[in-house]
Structures are given as structure tokens and as C-alpha cells.
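So the structure is just underneath, and the comments pick up after that.
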Amino acid sequence: MEVFSGEKKRRHDYFLKVIQKRIADVKNVHRIILIGTGESGKSTFVKQMKLLSSFNQTFPDKYREKFIAEIQRNLVQSLASILLFMEQENIPFGTEDPALIKSKARILAIKGELDRAPDSIAQYAASPDPSRRKEFYDDCSRLWADKAVKETHLKGNEFQLIDCAQYFLDKIDEVRDPRYKPSDDDVLQSRTKTLGIHTE
């Protein structure tokens, strides 16, 4: 066996500890498989496990920032579901404001675009053009402020409405702030449509 000098011995001991720690870490990894229907909570469970296993019991800022676009998509998806149900059931808006009709048309057009290209939300909600960004959030606020839209939201069990609809619609003013950073609750509440197999 080779005899180590002082410096070599320290380096050898250091690398030995690193290797032993990595082996121990690998042994502590547990894998699970989550199988379920859409909106059954699989992604939420994974997010909760990440939160519980994080060092300081909060999501890192970089991880949270990934959810801004998802939260913006949740706003559009929620409003579009409500508006389409109102259309199907012939439910008129609570007021005869022509701006509501324009807002509805723009939100439904954005929803159609999102169905084809989910990342297109950035053209509206995160647009570098302040007027386009303002128009998007003004449309969301105007529609959510309408009494008939809110009443239709309460019938969410009669049509497909994501669970987080009211949570984010009530936070439009917070989400529209360009400095918005999702809280841990925002991350957990956000609805992410997952397709296929994901490993983390």
C-alpha cells in the first residue's frame, strides 16, 4: 500500500468522504410511480414533495419563476372555460358594457392560440410592449369583475373548470405586476398539464 504525504493524505481523505456521501445519497433516493387521471393531483404531489424536501422549506426563486407563465395560462384557461359555458348556456354578462364583448373575444382568441402553442402566453402577459401587457390584464380584470362571470364560476361543477380558477382570478392585480414572484402557495395551486412520463 502506498504511503501518502500529508497533503496527499488530506486530499485522499476528502475525496473518500465525498464518494461515501454520494453513495449514501444514492441509497437514500426513493422512486415512486404516480398514475392517475387528469387533474388528480400527480403534479401537485410532486411539487409538495419538492417543498418538503427542500433545505429551508421553501421553493428556490429560480424554480418559482418557471411557474409565472403557467399561472398566466391558468388565468386564460379559467376565464375561457367560464366564458364558453356562459355562451353555451346563453348566460349574458351582468352589464351591457361593449368592452366586455371585446375582452371576451381577445381572451378566447388567446386561449385558441395557447391550445396550439402553449408558450405564446408571453406575447400577451409578459410582452415587452406595456400596452399589450396592460390590455391582457385589463381584459382579465374586466371579465372577472363582471357579476355574471363570477356567478357562472360558482357553477364550475357543471363544466370543466380548473381548481385554481378563483385563487388566481382573485390575484390578477398581483400577477400583473412585472415584479411578480409566485409564492410557494402560488406554485402549489398552479395547474400544469402534464403529458407523458416525467422523472424528477
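From the backbone N, Cα and C atoms, a Cβ is placed for every residue, glycine too.
The annotation GTP binding site is assigned in TrEMBL to E39, S40, G41, K42, S43, T44, L188, Q189, S190, R191, T192, K193, T194. Its own atom aside, the Cβ of E39 (GTP binding site) has 13 Cβ atoms within 10 angstroms in the protein chains shown.
Per TrEMBL, the feature Mg(2+) binding site maps to S43, T194.
According to TrEMBL, the feature region 'Disordered' maps to 180-200.
Here T192 (GTP binding site) comes close to S43, F67, E70: these same-chain residues lie at least six apart in sequence, with C-beta atoms under 8 angstroms from its C-beta.
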